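Features reported for this protein in TrEMBL:
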{"type": "DOMAIN", "residues": "A:29-211", "note": "domain 'Cytochrome b/b6 C-terminal region profile'"}
{"type": "TRANSMEM", "residues": "A:42-69", "note": "transmembrane segment"}
{"type": "TRANSMEM", "residues": "A:106-125", "note": "transmembrane segment"}
{"type": "TRANSMEM", "residues": "A:145-163", "note": "transmembrane segment"}
{"type": "TRANSMEM", "residues": "A:183-203", "note": "transmembrane segment"}
{"type": "TRANSMEM", "residues": "A:215-237", "note": "transmembrane segment"}
């Protein structure tokens, strides 16, 4: 049992009175099982093998049943002379294709994706504290940060797509401002504002930003929900002429699900 | 019967396959993990918390299983497919209509490819929200990002192979994005397509990337990824301190 006189070096691993201990060597090296006793572990065999086998059989079964019910699409032979309408990239790139509708290709296709990947890679090097590892959303506060950010992003990005679609600055301001401003600077500034806004709100809130993890929770949630909104918009809601329609009311008998 | 079993299990041939006894005791349960190439990616002992379904949802495991399913169905598809603009499309039709279970084979390959992209993304989301990228797992997170990009690449290169309208225009649209980049964009596009437009050269390159380069890299880097999970101390759920430990720490 823990008592209050535990010496500093024994805090994480309480000694059993039935065993004898001696210090053999002190090694200075990173170790991942530090602070952990072996008590809450079990043998990996056979439980992990059984769990993995169950997942393998389960997911393969679902896959076979789905494959029996739904055939993979196959359209007519490729013809470079006849463009399909709409011409869409695979679904996981529809977020990128959707962005192309709203801003300059260099911004939509190169700069923002590069920033997104760069951000993903740098996450663990900015938020390097070990605190909260292994806990969903870190804490109750983390959970509410993620929830509110997700809700905000859902509304903000859907709004961005709809407003920009109704009043595209690159069309409306074409004769007044240079292309660089209407195609890159304006959408770039709007995007930056939409991404930074939830951080500003958190920063100015009563408790402020407590640590790097909270910044990451906000930014990752913005990135993830934005990707979901843009991908769904491009994949489900874009029809002939790459115009916005309800997925169930597409003209010319076009069905977005046929392009999977 | 027991004699026969003992004879087989103790025979020199059996012993040369398995260097440990039936894993029903601590020693053999440790040995099975350390002496078996498939099991050795796992630790000998796991934390009870890390195998909870609601912690990881098994997304990483499902992604790996999809990779295995894709490899097997992909190899079978290779037996019936020639990457030529003249025959590719008709090979797919033959596969679907003449080959026993050919349609099922193609369906499974297609749907598991989509599922793999989906579960890989969800796996990343899970790892992020559980803070499992934190020290000492930083590098494995980066490896995971690389794996996600490779998974997208594998799916994208496979998309062209049926050589139908869907494939042709999806790749035309997809690669044209690269062409917008002013510095190296046109060069990258040309390298990928083997020309200015999607044609035979593109099909050859996409096929090579799809069946050889990307799966090879995936196999290598998935192995690294799984091995690093063990080396970095298993799932991050292990980091969570239980009540007694917290008590000790606060004392």
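Backbone N, Cα and C define each Cβ position, glycine as well.
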- Message: Please identify the stretch among A:42-69, A:106-125, A:145-163, A:183-203 with the greatest number of Cβ pairs below 8 Å relative to the transmembrane segment (A:215-237).
- Response: A:145-163
- Message: Under 8 angstroms, Cβ to Cβ: which one of A:42-69, A:106-125, A:183-203 has the largest number of such pairs with the transmembrane segment (A:145-163)?
- Response: A:183-203
- Query: By a Cβ-Cβ criterion of under 8 Å, what residues six or more beyond either terminus of the transmembrane segment (A:183-203) are in contact with it?
  - Reply: 102-104, 106-107, 112, 145, 148-149, 152-153, 156-157, 160, 164, 169-170, 173, 209, 214-215, 218-219, 222
- Overall pLDDT for the domain 'Cytochrome b/b6 C-terminal region profile' (A:29-211), taken as the rounded mean: 90
